[in-house]
Every structure is written in C-alpha cells, then in structure tokens.
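Working notes for the structure below.
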C-alpha cells in the first residue's frame, strides 16, 4: 500500500460501517457516517457502496478498493450510538484516526448489554403491559408477564446455545403457545388469545421491520428488500410456532 | 378516562422495557418512553373521534417521527434509539395473531380480512414516517437558512 494514511482511513471507516450494520443500523446512516469519516480524514471524494451483507469502499484516484463482508446481524442500538459518538469526536478532532480504530476494536470486543435478569423482567413487563393496552384484559396481566418472561428466556437461551437463525423465535413462540393454553386449562388465565398476543410482543422483529421501510424509502432497494425478508422470516417463524400449537391443542 | 390514563402509563412502561430488550443506551430510555406515551395519546384521541384506524395510525407514526428527530438532535443520538421502541404499541399484534389463528384453523376468508387490516395499519404507519421525514427535512432546511448557530452546530455532525 502506497498511502498509509489512506489505508488506515479506509480500514477505520469500513470497521465502523461493519459494526453499525451488524447491530441493526439502516444503510443510509452507514453510508453517511463512512463518508463523513473520509471527509474528516481529508478525503472528500470517497466512493462507498453499502448493502446489509457487505461494504465496498475506495478513494478516488487511488488504486485499491476494499471490501468488508458483514456476516452476522444482531440488534444492539448501544453500539450504533457509540460508533456515532466516536464519529462525532473524530469530526471535532478530539481523537485521532488511530485512536478511533482502537476504540472501535475495543467496542466490538466488549459489548455492554443490560444484565440478563433486567432483560427478563423487561420482557415480562413488555408482554403484560402490551397485553392490557391491546386487549384491555386486566386479570391476565400477571400471567402474560410470566409467560412473556419464560418466552424471552427460551429465545435468549436458544440464541446462545445454537446460532441457528429463526429457530429461537420458532421455539420461543411454541413454548409461549403451550404455556398460554395450559394456563387457561388450569384456570390461571382467562383468555389464551390475549396471553399469546402479549407474550409474543418481545419477539416482534421491530428493528428489521422499521429499517426495511426506511431503507426502501431512502432508495436502498436491495438492502430494504433483504431486510424485509429477514423481518418476514422472523414473523413467519413466530406465526408458525403459534399456529402449530393452536392446531395441535 | 381512567382507562386512557392507565393505558398511557402502561405504554410508557412497555416502551421503556422494549428499549431495554434492544439495548438502547440508558440516557435515551426515558425520553423514548415519553415519545411512546404521547404518540399513543394522540392515536387514542383519533380513535375516540372515530377518524378510522388508518388515520389514527398515521397520526401516531407522524408524531413519533417528528418527536424522535427532535430527541435525536437534543440528545445527539441516532434516531432509531427513539422511534423503534415508541412504535411498539402500534404493532398490529392482535390482528396479526387473529390472522395466524384463522389460517391455522382453516377459516381462510376471515384470515384474509385480518391480513388486509394488518396491511392497512402497517401501510399507514409507513406513510406516517414518510410524512415525518418530510417535516424533518423542511425543518432542517428552514433552520439552516434562519439560524447561524444551527449552521455552526451541524457543520460536520454525523447524520442523526
């Protein structure tokens, strides 16, 4: 590589872009961030092509373009925010390009999640509150909380155990369906439909759905449709889990 | 009335807790909850005034879009931290469930009518966001031409 500074810039920008896409950012934001990093590093005419499965970038007038594949996708809005903050610091010349890259590596290797117990309680509260908001069924509030909590636990455990996409949603939905129907049979709840509607809410693919719409509206048709398929697959996984149980029991 | 207030409190809690599941940074959780509750209030008011489910969802999404952008500028955080949790109370979960249930039990015609409802709701949410995007762009353009402080602050800021 003839130009070390340019090389480091592309490496940092691609790294930032990959972290953002992996954690559920929309494509237009990634493109914008990468171009701003290039601009602030002194390369005003960079060329970027971003999709949700890979990023390509080159500097005009230089020979080498680089490719960064994006292999895994999950949801972690904290990381997107931190990359955004780092990019702001870099724009304000508070950190150098080298520091920027080091901090990105650190960020990538040390994810900061909420503790599991807090996630479980949150999943329970999402289920219970939304069950009441949607259906107005106060007596089933606690049962929905409990079943939603268990459903999220299954989802979380399966995603940690086997990294098979959509399987964790399917199994979690199945467990929710079984528990809801059993709860009504044993008179712990009054209406299985309401309990299921509430308990499934934490699994709803909110980020891919919203991003699919935003990408398509912003003109990133390839990524938008790919993301829409992702959301649709999650929804189908949840729906078929529930449908299977409803037919069986 | 008591039901409405209760629903707003529950929406606030639901929005914040969904934010926790998405790992929204702590400093953005509270304001996201307020956006969720406020937009849900307007949605409910539209429903009470019998304006129809499509218009109510459009208004809700529009308010989410506008307020999230203001919150993003104020907190200097990406806008998805606010609008995705706030959108959760608008997800047509009940209709989607009824659709799946009726398909599973073989009532295809009822399932299709619920499918249409799901499509109407999600379509109006998408257009609400589109309108909000337009409002935000017009606002940015106005502020750029009016305020020199704004121009200075957003000189080389990453996209919100």
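Glycine is no exception: its Cβ is also placed from the backbone N, Cα and C atoms.
TrEMBL assigns the feature transmembrane segment to residues B:112-132, out of the candidate ranges B:112-132, B:133-153.
Helix, strand and coil counts from DSSP across the domain 'Threonine/Serine exporter ThrE' (B:8-134) read 111 helix, 0 strand, 16 coil. Distant neighbours of the transmembrane segment (B:112-132): 53-55, 57-66, 68-69, 83, 87, 90, 92, 95-96, 98-99, 102; these residues of the same chain sit at least 6 beyond its ends, with a Cβ under 8 Å from one of its Cβ atoms.
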